[in-house]
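Sequence annotations record features per position, and here Swiss-Prot assigns N6-(pyridoxal phosphate)lysine to LYS147 based on similarity to another entry. According to Swiss-Prot, the substrate binding site annotation covers ILE331, ASP332, ILE333, GLY334, GLY335, GLY336, LEU337, GLY338, ILE339, ASP340, TYR341. Annotation comment: Swiss-Prot describes 642-661 as region 'Disordered'. Swiss-Prot lists 650-661 with the feature compositional bias 'Acidic residues'.
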Amino acid sequence: MPALACVDTSFVPPAYAFSDTAGDVFIPASSPTSAAVVVDRWSPSLSSSLYRIDGWGAPYFIANSSGNISVRPHGSETLPHQDIDLLKIVKKVTGPKSSGGLGLQLPLIVRFPDVLKNRLECLQSAFDYAIKSQGYDSHYQGVYPVKCNQDRFVVEDIVKFGSSFRFGLEAGSKPEILLAMSCLCKGSPDAFLVCNGFKDAEYISLALLGRKLALNTVIVLEQEEELDLVIELSQKMNVRPVIGLRAKLRTKHSGHFGSTSGEKGKFGLTTTQIVRVVRKLRQSGMLDCLQLLHFHIGSQIPSTSLLSDGVAEAAQLYCELVRLGAHMKVIDIGGGLGIDYDGSKSGESDLSVAYSLEEYAEAVVASVRVVCDRSSVKHPVICSESGRAIVSHHSVLIFEAVSADKPMVHQATPGDIQFLLEGNEEARANYEDLYAAVMRGDHESCLLYVDQLKQRCVEGFKEGVLSIEQLASVDGLCEWVLKAIGASDPVHTYNINLSVFTSIPDLWGIDQLFPIVPIHKLDQRPGARGILSDLTCDSDGKINKFIGGESSLPLHELDKNGSGGRYFLGMFLGGAYEEALGGVHNLFGGPSVVRVSQSDGPHSFAVTRAVPGQSSADVLRAMQHEPELMFQTLKHRAEEMMHTKGGSEGENEEEEEDDEFNNVAASLDRSFHNMPYLATEQASPSNSLSAAISNLGFYYCDEDVYDYISA
């Protein structure tokens with residue numbers, strides 16, 4: 001059988017050729033050196049296009065001239081010197097304390113309260129403009145649904161930033177209503193506290209207590225039976241309630257997030273139930289308490305046409321309630337204001353929306369105005385529960401790719417493959433078929449014969465006929481053939497120091513996609529494509545779907561000797577729901593969290609609060625284990641083992657045993673105290689376990705005096 005040096009060059013990629021060897025086997029030649037490869041010039045603007053940063057990131061994220069991602073904390077109003085470089089934040093936060101850093105470990109959530117403030121102001125401005133331009137005779141007064149992100153400082157910031165325009169909160173459970181009541185004590189007295197969700201007597205009593213505390217609570221009826229409790233408890237507590245009701249509209253959102261809409265939605269009252277509620281309130285002398293109509297088409301409403309249909313239907317229902325004698329004042333359009341996760345500005349999927357904030361507000365105001373004018377009904381206050389649109393942009397998850405597995409082609413020698421010609425006849429026949437297909441340039445047959453040869457050789461390996469080295473040679477040969485015909489999988493697997501289940505649960509649970517981008521090296525051309533594999537022992541702990549319909553992500557090669565530094569990736573637009581939904585699969589706890597404000601320092605930012613991620617002791621305690629007792633048990637076992645070694649005599653041996661025991665105890669102590677994630681750099685010396693457990697472990701300073709940790 002002749003060698004395959006004469007294969008048609010149109011069949012073989014330029015980087016490969018078949019060597020003319022002395023035997024009746026063919027093997028791949030080495031690829032040309034990298035010196036022969038022409039590297040195109042690259043720039044941050046090309047990376048911005050590649051990763052669609054100008055689409056999903058506008059106006060808060062850009063690729064700066066240094067090749068790093070910068071945050072524009074005030075959106076389009078951000079001045080050039082106010083941009084905040086994400087890589088500088090990472091270096092500040094993860095740097096050792098001895099060098100002025102905070103010594104925190106990745107993964108890391110970075111919160112930008114300035115972005116949060118800007119999102120609130122933009123939402124309010126959009127409605128204010130639509131109301132003024134259309135001559136609408138009322139105002140907009142939104143609420144933030146705390147379920148999106150219940151973090152104390154996020155909720156407190158929203159109340160503070162929105163106080164001047166009476167921005168309120170929405171709660172859907174008893175803990176959430178307690179949280180909201182406490183926070184709104186520092187907000188506007190006119191701000192709404194919208195009480196949604198399933199309710200029992202205790203929940204309703206809390207809402208009524210809120211009115212006694214001069215909070216503007218509104219009890220929204222999700223189920224007809226709740227009305228009896230509201231009437232009974234309000235009379236017992238001598239509180240005149242403000243009541244709303246949630247309607248099941250006929251308008252339905254067809255996407256994934258539309259399952260809560262339509263007549264079969266989880267929450268809300270049908271038209272029949274609404275009529276019964278009105279009658280019962282009239283009979284109880286409480287029809288004047290019914291003041292708010294609430295509905296929810298679904299999250300991520302894709303287009304203003306669907307939005308307008310739903311709002312118009314609800315506005316007609318609002319007018320009917322006015323006609324029936326209810327003292328209606330507010331129409332609560334619920335959530336649904338979407339964001340552009342993939343930068344496409346399209347209404348064709350759940351990942352994007354075909355409108356801007358301004359267009360959304362214009363559609364809502366116009367729909368309510370037209371219907372109310374037609375029925376000669378006074379324009380109501382417009383309320384929305386736009387959580388995703390408010391908090392998604394303000395938070396960035398940063399994590400590290402610690403290693404990469406890339407497909408390797410085994411460089412076989414003639415001797416490696418000679419066994420195919422000397423051994424099993426079926427294996428030889430499979431090899432000869434593959435040889436002939438390669439000579440013909442028959443790609444389809446190559447795929448078939450590669451599969452047959454591999455299967456035959458695997459059977460031989462299972463029977464003990466082939467060695468592991470021989471099986472590896474066959475695998476290498478087959479992979480090379482696939483690569484030569486363009487059928488191999490060139491995708492690398494990047495191992496990331498993260499748990500998908502803890503930090504990006506929606507990706508695993510509902511296939512929600514988020515923009516994932518390197519936060520640096522954007523001035524360099526990506527040299528590979530990769531998928532991301534997390535730390536968990538779970539096959540679902542991977543990211544192999546990306547925005548733009550891609551099954552892999554352009555990434556930079558990791559430097560093997562470490563001279564290129566660490567490689568950081570950012571997951572963006574995840575400020576809503578991800579933290580609230582995250583679990584502790586494999587006992588990987590929550591990431592470190594820092595709060596970063598724009599400042600006039602040399603690097604434009606200051607860390608105003610820093611919280612280390614959950615330690616191993618923290619997550620063990622969350623699962624009802626007792627870290628202190630576990631530590632003492634292991635320490636006692638170590639002490640026993642040291643004393644039962646035997647054969648040690650003299651002071652020196654005893655000192656060595658004591659030193660060994662102390663080292664073991666210290667190692668155990670550190671393991672409980674440190675985060676469960678990989679320690680990719682030398683960890684800072686830990687405090688004792690007992691001190692770590694009793695201490696909340698956060699750094700904090702008032703924003704007015706944060707210079708001591710300004711960058």
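A Cβ is built for glycine as well, from the same backbone N, Cα and C atoms used for every other residue.
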_For a quick check of packing: other C-beta atoms within 10 Å of the C-beta of LYS147 (N6-(pyridoxal phosphate)lysine), how many?_
20
*List nothing but the one residue from ILE331, ILE333, LEU337, ILE339 whose Cβ has the fewest other Cβ atoms within 10 Å; the candidates are the binding-site residues.*
ILE339
*Do you know the DSSP helix, strand and coil residue counts for the compositional bias 'Acidic residues' (650-661)?*
11 helix, 0 strand, 1 coil
*Within 10 Å of the Cβ of GLY335 (substrate binding site), how many other Cβ atoms can you find? Include all protein chains, please.*
23
*Which of these binding-site residues is closest to LYS147 (N6-(pyridoxal phosphate)lysine) if you go by CA atoms: ILE331, GLY335, LEU337, TYR341?*
GLY335
*Looking only at DSSP and grouping its letters into three states, which state does LYS147 (N6-(pyridoxal phosphate)lysine) belong to?*
helix
*Relative to the Cβ position of TYR341 (substrate binding site), how many further Cβ atoms are located within 10 Å?*
24
